[in-house]
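Read the structure below first, then the notes.
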Amino acid sequence: MVCVPYLLLLLLPSLLRVSADTTEPCELDDDDFRCVCNFTDPKPDWSSAVQCMVAVEVEISAGGRSLEQFLKGADTNPKQYADTIKALRVRRLKLGAAQVPAQLLVAVLRALGYSRLKELTLEDLEVTGPTPPTPLEAAGPALTTLSLRNVSWTTGGAWLGELQQWLKPGLRVLDIAQAHSLAFPCAGLSTFEALTTLDLSDNPSLGDSGLMAALCPNKFPALQYLALRNAGMETPSGVCAALAAARVQPQSLDLSHNSLRVTAPGATRCVWPSALRSLNLSFAGLEQVPKGLPPKLSVLDLSCNKLSREPRRDELPEVNDLTLDGNPFLDPGALQHQNDPMISGVVPACARSALTMGVSGALALLQGARGFA
């Protein structure tokens, strides 16, 4: 079996032929921990990626080009390279900016099935062509975290079920943003037995009805944290109805950064999940506390809304930790800062929160998913 150092020796002559003044598409940090490749050159030197074989975190951007040229190697059985792949240190891998044949993507997943990869991110990808037939058993990596941002699939809404078949069980965090389709055919979706975190933020066209279609009933039995920031949610009661239909019991629900409407009078009262303890309604444009909230919560965040007066006790659930910062009744300039965060040289709390929403959300998602073998 060929070992990693020997592979490096084989590729060394091709690397040395690169001119000294040529910018390397790949850069490895001094600690051999993170390696980043950006293949934007018209004739990229793909061999530069060999230096990433020693890294723990690897990020590869293909510069928006098609990777069809690599399709001829998709039929190679990765089992013959199993020992080499197992020796790789990579735990986090990000692939982006490319047109990828589905057959090639599946081949990569099959090879990664022999690795110790824990976190995979696919970003700005166009997956083309049909997905190969489902294997008898999952042959891909045993991921704890899967993140997808702006990934389109020829197979439409069936993509998640097809991708799921190539991953070993045990996925704990699933993050899907800027999706082209979240209307999953539930019959083709297996149960996510271990999934505790589902983030569907940054899907502004999702809405209450789209959430109902995305949350297939009984497919997320272990769900604890559901994030729906900037997901086109319309009313808290509409979200509640989707959760009830899916029979999920999240402990934490993030509905921030949606333009929420107050539930219409006479609307059917929804029974919230009994496990729900934390509800984030910040940056929701609320002018009053919505009716029909869960009767008891540990945490309720109503910060950075448009509340012109302090809510009365009978308008609020029984709550231990209530946040009302950034509302006009506490800060007369709050609305101006929400509409224009740079209105003054001092950045208020709500403006800081808006500017760092993506960072804080990503950190929250990765909590508990950093333990690598």
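For all residues, glycine too, the Cβ spot is worked out from N, Cα and C.
Taken straight from TrEMBL:
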DISULFID  Cys26-Cys37  disulfide bond
DISULFID  Cys35-Cys52  disulfide bond
DISULFID  Cys186-Cys216  disulfide bond
DISULFID  Cys240-Cys270  disulfide bond
SIGNAL    1-20  signal peptide
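Comparing CA positions across the disulfide-bonded residues Cys35, Cys240, Cys270, the one lying closest to Cys186 (disulfide bond) turns out to be Cys240. The two recorded residues, Cys52 (disulfide bond) and Cys26 (disulfide bond), show a Cα separation of 8 Å.
Cys37 (disulfide bond) counts 22 other C-beta atoms within 10 Å of its own C-beta, drawing on all protein chains shown. Between the CA atoms of Cys240 (disulfide bond) and Cys26 (disulfide bond) there is a gap of 47 Å.
The Cβ of Cys186 has fewer other Cβ atoms within 10 Å than any other of the disulfide-bonded residues Cys26, Cys35, Cys186, Cys216, Cys240. For Cys270 (disulfide bond), other Cβ atoms within 10 Å of its Cβ number 18.
Separation of the C-alpha atoms of Cys216 (disulfide bond) and Cys35 (disulfide bond): 37 Å, rounded to the nearest whole number.
For the pair Cys35 (disulfide bond) and Cys270 (disulfide bond), the Cα-Cα distance reads 49 Å.
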